[in-house]
Amino acid sequence: MTKFIFVTGGVVSSIGKGIVAASLGRLLKSRGYSVSILKLDPYINVDPGTMSPYQHGEVFVTADGAETDLDLGHYERFTDTPMSRLNSVTTGSIYQAVINKERRGDYNGGTVQVIPHITAEIRDRIHRVAQDTHPDVVITEIGGTVGDIESLPFLEAIRQFRKDVGRRDLAYIHVTLVPWIPSAGEMKTKPTQHSVKELRSIGIQPDILVCRCDRPLQAGMKEKMSEFCNVSPEAVITSQDASSIYEVPLMLEREGLAEQVLDILQLEQRQPDLTQWQRWVHQLQNPSRRVEVVIVGKYVRLNDAYLSVSESLRHAAASADADLQLRWVDAEDLENGDPATYLDGVDGIVVPGGFGARGVDGKVAAIQFARDHQIPFLGLCLGMQAAVIDWARNVAGLDGANSAEFDPETPHPVIALLPEQQDVVDLGGTMRLGLCPCKIQSGSLAQRLYGEDIIYERHRHRYEFNNAYRSLFLESGYCVSGTSPDSHLVEIVERPDHPFFIACQFHPEFVSRPNHPHPLFQGLIKAALGSDLTLVDPAPLPAETV
């Protein structure tokens with residue numbers, strides 16, 4: 001029978017509930033338990049697909065094409081387990097489902113209310129994860145902060161959930177802040193006490209407290225919080241600030257979090273195998289060299305907008321024993337100044353995805369700089385489209401070449417709308433989304449990096465390379481090294497006369513893992529370090545299914 005864990009947060013937002021949930025998933029998996037992690041987000045958007053990156057950060061795409069919260073990326077990277085649309089629930093999607101049922105007459109004319117109908121739908125979504133994926137443990141992170149009005153239906157639903165499964169099959173974990181007050185010279189537990197009091201007023205008694213702090217808890221504090229918050233002293237867990245999020249599972253293991261959870265859920269205590277994770281963290285913390293990579297993006301004011309990109313670079317750099325130095329450059333700055341001012345001296349350039357015309361000419365300028373100065377370059381999604389625009393304007397001499405997305409009147413639409421997108425009106429959930437196969441050309445750089453003839457990657461786009469320009473593209477020295485299996489859609493392009501120049505229409509950052517760095521990011525880092533790419537060992541990717 002599946003067990004259930006609920007992770008709530010108190011005192012402040014962005015306290016790290018997602019990392020705690022992902023870390024616990026890793027600790028349970030290291031003991032041989034299968035895990036699925038679910039995120040309940042209290043915003044009314046149906047999904048984050050149409051939200052501004054400045055407000056929400058990255059939209060993480062699952063293998064089955066769901067546009068989800070960036071925390072699902074943490075869940076996948078920490079547990080090596082693919083998530084799906086079942087693992088992402090928002091207030092908007094809950095209300096949409098309930099209203100659709102009401103319109104169909106499913107409630108037989110009854111008055112539809114938050115309790116019981118909304119809370120029942122929330123509980124059903126949690127049960128569905130257990131029923132469809134059959135994990136040993138389902139971990140559910142509740143977004144927001146205890147006390148927020150938006151989170152109340154979710155908190156009420158998880159209170160009711162105890163009645164569904166029984167007390168022995170459920171655990172509540174509350175992540176809270178224990179701040180250091182410089183003027184007093186001590187840490188304060190009062191915010192935690194009040195947060196737990198608020199949670200208990202809703203009817204939820206936490207079993208475990210995970211205390212975020214910037215230093216070790218002072219003597220007697222665990223006992224004090226134990227007494228005031230009605231948890232055992234062993235269940236008061238310290239989660240001290242770490243230099244890397246990948247240290248957190250090891251820290252929580254030392255604190256005994258997994259053992260406490262297994263005791264509460266009456267599951268067998270097993271010996272963890274964290275050897276691989278410890279080796280990865282050791283690599284991360286003990287580099288022998290340095291590599292500097294610049295990310296030229298549209299949303300760099302919020303680095304979380306490119307979270308999976310930066311983490312993928314970190315995975316690849318650590319696997320090469322290198323300390324990654326990231327330089328963030330706003331693409332718009334390159335439109336107004338000399339690219340050399342921003343890009344001189346870097347070892348590699350990444351141009352990631354985005355939407356809309358703003359900053360695109362800056363991305364094109366960065367790619368031209370990489371091409372002219374033989375700097376290793378990797379383009380992702382819009383980054384590939386910008387590479388094609390650079391080719392058209394600056395190599396093929398097609399004046400005014402552009403994407404039809406940015407200039408519908410361009411004389412040379414080298415990037416065009418996918419045929420199936422022609423009549424699409426709605427924005428949310430209507431792009432080419434999720435895992436798609438890609439055929440790799442033999443003898444290409446892509447084939448050397450992947451070591452496969454067919455690969456599967458995740459997509460999120462409406463526009464593609466315009467095949468009317470493919471012959472001219474090939475004649476000018478470029479290579480189409482990856483296509484859809486029917487050869488119609490261009491998925492990867494590269495420039496053979498460059499040390500490392502490759503761009504893809506998909507999002508490889510969504511499948512990179514600490515123990516499985518993505519081949520394209522590994523190749524970029526190796527090239528940036530001056531390594532011989534003929535010696536690249538193809539990196540296996542985790543198997544995925546839809």
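For all residues, glycine too, the Cβ spot is worked out from N, Cα and C.
Keep in mind that this is a model prediction, so the values were computed, not measured.
Of the listed candidates (K101, K222, K224, K298), Swiss-Prot assigns K224 to the same CTP site as S13, D148, I149, E150, K188, T189, K190, P191, T192, Q193. For the ATP site, Swiss-Prot lists S14, I15, G16, K17, G18, I19; matching the candidates D69, D71, D80, D106 against that entry yields D71. In sequence order, F355, G356, A357, I415, L417, R462, Y463 are the residues near E405 (L-glutamine binding site), counting only same-chain partners six or more apart with C-beta under 8 A. Put simply, C381 is the one of the recorded positions D71, G354, C381, L382 whose Cα lies nearest to the Cα of H507 (active site).
Across the residues the record lists as binding L-glutamine (Y54, G354, L382, G383, M384, Q385, E405, R462), the two Cα atoms farthest apart are 23 Å from each other. A simple way to gauge crowding: the CB of D71 (Mg(2+) binding site) has 25 other CB atoms within 10 angstroms, across all the protein chains here. Here the candidates are the recorded positions D71, E141, E509. The one whose C-alpha lies nearest to that of L382 (L-glutamine binding site) is E509.
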